[in-house]
Amino acid sequence: MTVHFPFQNSYAALPDNFFARVAPTPVAAPRLIKLNRPLAAELGLNPAELETAEGAEILAGKTVPEGAEPIAMAYAGHQFGHFVPQLGDGRAVLLGEVVDKNGVRRDIQLKGSGPTPFSRRGDGRAALGPVLREYIVSEAMAALGIPTTRSLAAVVTGEQVYRGIALPGAVLTRVATSHIRVGTFQYFAARQDVEAVRRLADHVISRHYPDLAGTERPYHALLDAVIARQAKLIADWLLVGFIHGVMNTDNTSVSGETIDYGPCAFMDGYDPKQVFSSIDEFGRYAFANQPRIALWNLTRLAECLLPLFGDDKDQAIKEAEAALDGFAAQFTDAHQAGLRRKLGLFTQVEGDQPLAQALFDAMAAVKADFTLTFRRLSDAAGSGDDAPVRALFEDPTGLDEWLPRWRQRLADEPQTAAERAAAMRQVNPAFIPRNHRIEAVITAAVENDDYAPFEELHAVLARPYDDQPAFSAYAEPPQPDERVLQTFCGT
């Protein structure tokens, strides 16, 4: 059975300075451990073909499928605020692009596929643990309804990688609407290659924002569009307690998808200053700082686009600043609208923002569990029973002051209690990929070659808004000895 990929590649048709042509490095004994069958079908691929030995070889990079044009993409980036003029795909290869069943062009990329010209002394490989983490979290984000790259497959390579100790090697097949980043623009801007910036901008407009192609000022409109998508994306993150952990400009997608899950984590107890990433020692990418960092990253994109705005540099700067000034309102509108939905408020009145903030203050005072607080408020909205949500607060004084204000506000809404509770359950998940659960899954796979815990967690997270009583343990926060205090970059 020949594995068929209906490749229609566009990025590989750009000039050679946009990438390096490099094939994945073959591995010893690839074995498929997970295939995302629904995603495969959505991409126009045959899952049965991918589950063959030949399919595993392709997904591990041992065999290059017909029609692929493997490349490592060039990009630069600000890493923790420090500019690095050349980064690029150091352990990933873009096999090519397919047009999915909805007419959307999607990249198919192998992560952990071996060294490239951008590897910078690295081995280009990935360990099994980070591959499983990205698979779990990216698919959980998709199930939550948050724009994200996707995971098509995970394959073990039959080889070991060395990260202080020997670990099983693995390859993740990542799917994205594109892998073009703010750092991709920075790569060419740093080289003062205005024509390449223009070519890249035209490609992004054609691929992601085709409605802008015929507008009078397409590059201004492109900046506006990327700002709008990032504002909505960061609001989505905050509404589920997600901390990206490494919001460098090379990890900021111009398509508005969450990309690069390295040290990401979901909060358990609410703390706006929460940091998990082991390398974020000063809290640059802390939970509540993410909107500010997104704007900082977008400002770097605007700097790259300035030469396309016109010959009058001062005027171009004013126009870029005006666009960037719109980010705060767009983020706030999206975030506040999301918070109203989470609180069961379907109309907007003055005082809603202070009401939400008062709840966060009460949660922060005792580090109440972020996810369960909102889920149990959903139940309380229907039943009138506040005891389950109060049980999450070691000292419920702040919550007890807040609950009457909330109920008084709910009385102004037209919905019945049952309607309100049902709507709240659709935006307040019961299940998130909690750090201690991910670590348990990784331990079972790495130490015992046991993927049953991975399969079970993945299945539960595919239905985050359903109660799933048989799996209620997955909704619980960690015990003190289960808490994960730090996460690490991996893939």
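Placed from the backbone N, Cα and C atoms, the Cβ positions cover glycine too.
Look at D250 (active site, proton acceptor): DSSP puts it in a helix. The annotation active site, proton acceptor is assigned in Swiss-Prot to D250.
Mapped onto three states, the DSSP output places R91 (ATP binding site) in coil. What Swiss-Prot lists as ATP binding site is G88, G90, R91, K111, D123, G124, R174, R181, D260, and the listing cites sequence analysis.
What Swiss-Prot lists as Mg(2+) binding site is N251, D260, and the listing cites sequence analysis. Around N251 (Mg(2+) binding site), the same-chain residues six or more apart in sequence whose CB sits under 8 Å from its CB are G77, R181, G183, H244, I259, D260, listed in sequence order.
D250 (active site, proton acceptor): 24 other CB atoms within 10 A of its CB, across all protein chains. Long-range C-beta contacts of G88 (ATP binding site), restricted to its own chain and to partners at least six residues apart, with a cutoff below 8 Å, comprise A20, A72, M73, A74, Y75, T116, P117, F118, Y187.
In the shown protein chains, 24 other C-beta atoms lie within 10 A of the C-beta of D260 (ATP binding site). Largest Cα to Cα distance within the recorded ATP binders G88, G90, R91, K111, D123, G124, R174, R181, D260: about 23 Å as a whole number. A C-beta separation below 8 Å, combined with a sequence spacing of at least six in one chain, links R174 (ATP binding site) to A92, D107, I108, Q109, L110, K111, E134, S138, T149, R150, S151, L152.
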